[in-house]
């Protein structure tokens, strides 16, 4: 008779403990134990560690799996159990860790694998190989691809977030937070009484009464400076969407800006001279061309596809110098200038900011972070078994992504969702824009160093998104390179890893729709290729999502700076706009406050927020990856200190890529 000592660790989160009957079975290379209960009478309580003895007639051999079962206590009482991990001390004196970190529901079974990472071609145990294959077969039944909309990345085949497998579901706390939704935010913002008011705002100053003095510097700064050219230009670099602006060396043919138009803005220089110096920039919203605005509260809304010309002046300020609101030049599509009337110029900028809402939320936020993160998540769960080193590396970065996306599809972009109800780009236009964005998406655009170079923004001053983002990219790349090089020591190791090749193949096919023009790899030939791609995956799910998500209320809570919808078409001539025209164009009261509530919800950290580099799951029992994680965390702390030191000198600090503010995954 031999004895195995099993220690079960229950999570610290709310309601992690259980009164359900939990049974365990050990599976070895030579035999398996009898099924045994871990809690005959006593429950498994929150944050507890409970040790148990399992008696076996003989050694089970190398431990390759632990099976956990949950059944109702006395056939009546049952609830979920959140198991952190199972640790097993063997008769041979070994200690084997089996990570779990997920919910076990009643009448459900979980199969846990050892923490030690292994590649498929290195696994010489035939029983372990069969277990590995069986795990993937089970995973592929659980996680199925589904076409959400033709021409866009595929998603998880699941309409109900509660139907997702246990390992990817939210904690109780996080689920409750999200389902409290925008209604709770309306109450918190003291806006409930305005939620159904379809009147126009009487004045811009009337809006000041609904912004809470919450001490957040950016929202207060936005409120004071939203209509100033300097802040308008600043947001192209460090606002919600720092991804649109690019250096302009030749004007587009459909943007006929003349030297005479901009001579006052350039103060003695010429447009051609400034373009040669690299001081002229363009933001082109052509992706919106031809899209019809949504109907909000029974009223037609309007979308435009502006072109914006900007000048980085000798004082290093990025300033708008010309705005054309539609793509095709004509007499009824004037080019607006800072020298026009104050009302004309203000309204032109408002239309640009509304176009910014559409492109930012659909392309740069929804598609390039949420949907791509979902693609990476599903491909990982379908193709990489839990012992795979890449699975272990990516697991913290796929936490909660499936559930947040399913809930977003149900509550934000569904027929009765918040975006459909309150955004000019909602409904059919959202789908069309997402298809256009998918067709234009490239791999290089997702790799920050390449993206910055392609847009010619290497030397633009005060571009904090670039400065912090490149440093963060390099830190992630250093960590990924050291981690993967430990397991893949030669290019040949990459080529013969069939699980890895299936992973990238599904990402290419189901995420990038098999488009060779995207530049996305469909297979890996070298360790270097793998390192770059995995760096992009982690950066996208963590840093990039933080950059385009976390400031939504900071910049959008003051509605005139980020209107979700506009009620009048763009002006066809100059000199006709008044302050009343602007108020009639801006969203009504209901659209404003409901939009604010959604942006507040999407901007807030959850109770179980895990910053980049913080790994609550103990997935490793090997020295090398544990040491690499320590080095990674040290590098992140040093970057955080640098950013905070710089921010003390800035009137408006840029905080979104401070590692302390970057979540490990797309989790909100």
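Each Cβ is built from the backbone N, Cα and C atoms, and glycine gets one as well.
The domain 'PLAT' (2-118) scores a mean pLDDT of 89 in the predicted structure. Taken from TrEMBL, the feature domain 'PLAT' covers 2-118.
Summarising the environment of residue 17 (Ca(2+) binding site), the number of other Cβ atoms within 10 Å of its Cβ, over all protein chains shown, is 19. The Ca(2+) binding site annotation in TrEMBL covers 17.
In this view, residue 103 (site 'Essential for stabilizing binding to COTL1') is surrounded by 25 other Cβ atoms within 10 Å of its Cβ, with every protein chain counted. Taken from TrEMBL, the feature site 'Essential for stabilizing binding to COTL1' covers 103.
Residues or ranges marked as domain 'Lipoxygenase' in TrEMBL: 118-668.
Annotation source TrEMBL lists Fe cation binding site at 365, 370, 545, 668. Its Cβ taken as reference, residue 365 (Fe cation binding site) is surrounded by 22 other Cβ atoms within 10 Å in the chains shown.
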Query: Apart from 365, 370, 545, 668, which residues in this chain have a Cβ no more than 8 Å from the mean position of the Cβ atoms of those residues at the Fe cation site?
result: 366, 369, 373, 404, 548, 549, 602, 666
- line: Filtered by Cβ under 8 Å and at least 6 apart in sequence, the residues in the chain of residue 370 (Fe cation binding site) near it are 401, 404, 405, 408, 545, 666
Query: Compared by Cα position, which of the recorded positions 103, 365, 668 is the closest one to residue 17 (Ca(2+) binding site)?
result: 103
Field: Secondary structure content, the domain 'PLAT' (2-118) (per DSSP, counts of residues)
entry: 0 helix, 64 strand, 53 coil
